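Note sheet for the following structure.
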Amino acid sequence: MFEFLKKIIKKDSPEKKSAAKKEVAKKPQKKGPSAPKQKVSKTPRISEKKEALRPKQRFEPSPKVVEKKPIATSEEKIIPKEEKKSGFFGFADKIKKGLTRTREKLTTELTTLFSGKKIDEALFEELETILLTSDVGISATTYLLDSIRASIKKNNIENADEIKGLLKEKLIELLAPIENPLVLKGTNPYVIMVVGVNGAGKTTTIGKLTKIFLDEDKSVLIAAGDTFRAAATEQLQVWGQRNNVHVVSQASGDPGAVIFDAINSAKAKNIDIVIADTAGRLPTQKHLIDEITKVKRVINKCHTEAPHEILLVLDANTGQNAISQLKIFNEALGITGLALTKLDGTAKGGVIAAIAKEQPIPLRYIGVGESIDDLKVFNAQEYVDALF
Ligand SMILES: Nc1nc2c(ncn2[C@@H]2O[C@H](COP(=O)(O)OP(=O)(O)OP(=O)(O)O)[C@@H](O)[C@H]2O)c(=O)[nH]1
């Protein structure tokens, strides 16, 4: 079954590729082992399924970690007219498009599962497999199946086709508590510290987030706190230029000093928001986790309420590993919000359910593409509608 999942994921590729992305694609890509052909002819036992779905490597960085980050071309800065005009519907369509891979997997499998079948244990077994292979995770899957069983019993449901509606309903209930959009509160500048593993999408998310705030008529200043990787500052500068926003950087190599400087500059200029980048790090690298807690303390010395938001950027492709990352970053820093990126390139969109069940931290944004308008405020109903 795990092989079956690999086969599905292997087919993934982002729908929208920028010119710069094509450049990067020429470079050798890190690929997982090719999946041997295997027929999934029978429903595996629950214990086998759970074992197969347990992450092999606890903190597997994104495959793009070694890649040079592509920067969208200037054409991508142009917001498509339809999207500007269509407002909410444009957003919903974009999310729907972004979630194509997860939806295709779910819809195909669920339609086959429910059509004309009777409600019995075998059907629940298969439903369990579908959810687990969509990275919904063990505890969220158990929760969803139990809730569905209870509703079937309560409402004397006999038609399997009705289970799809129930699944949708229970999923919205599960995700609702993490729908908690960012609200800017407190004394200016509002400081957002952005953290995450290498390649999760921090820089890109900062660029997109800046655009969201500018559209709300807020002023923004970016702090290039990733002093570890030289190219990181350059990439941030490009996002700064694209948004026409100043990026504070230093040659010092001290992330705390850069962010401290940026906050003071924002205070002097009465800027509303400071978004601080930090270097990518694995939660297993204890010294780097210690370093980032120090950066947080430095920020707090500069502004007693700051950081107002510690935004952990997670790559949806990492599936269940995202939960492990979340646990460790949260223990070290007290994560206040999440941005889940790259949902457009994966069939693992179910990981949101696992987050909601196991680590219910507000999911502020979802990334559904590489261009500047591809970061969306998370909405549970809209997300589930896009999945089915
Ligand atoms: N398809 C897709 N790609 C994304 C998304 N968000 C980020 N990316 C891509 O992911 C890659 C890594 O993104 P970065 O923003 O550079 O990641 P980072 O966390 O800053 O990386 P480090 O600085 O190395 O830690 C780039 O190729 C981005 O274009 C998304 O929502 N969808």
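The backbone N, Cα and C atoms fix where each Cβ goes, glycine too.
Feature annotations, courtesy of TrEMBL:
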BINDING   196-203, 277-281, 341-344  GTP binding site
COMPBIAS  13-26  compositional bias 'Basic and acidic residues'
COMPBIAS  45-68  compositional bias 'Basic and acidic residues'
DOMAIN    362-375  domain 'SRP54-type proteins GTP-binding'
REGION    13-68  region 'Disordered'
DSSP residue counts for the domain 'SRP54-type proteins GTP-binding' (362-375), split into helix, strand and coil:
0 helix, 6 strand, 8 coil
Does any of Gly199, Lys202, Thr278, Arg281 have a Cβ within less than 6 Å of an atom of ligand 1? These are the binding-site residues; tell me which, or none.
Gly199, Lys202
According to DSSP, does Lys202 (GTP binding site) fall in a helix, a strand, or coil?
helix
Since the record lists Lys202, Arg281 as binding-site residues, which of them has the fewest other Cβ atoms within 10 Å of its Cβ?
Arg281
If you count other CB atoms within 10 A of each CB, which of Gly196, Gly199 wins among these binding-site residues?
Gly196
Determine, from DSSP, whether Arg281 (GTP binding site) sits in helix, strand or coil.
coil
On the three-state reduction of DSSP, what should I expect for Leu343 (GTP binding site)?
helix
Let me know how many other Cβ atoms fall within 10 Å of the Cβ of Thr278 (GTP binding site).
27
Should Gly196 (GTP binding site) be counted as helix, strand, or coil on the basis of DSSP?
coil
For the domain 'SRP54-type proteins GTP-binding' (362-375), report the average pLDDT of the model, please.
94
If you skip the near sequence neighbours and keep only those at least six away, which residues in the chain come within under 8 angstroms of Leu343 (GTP binding site), Cβ to Cβ?
Gly98, Leu99, Thr102, Ala316, Gly349, Ile366, Gly367, Val368
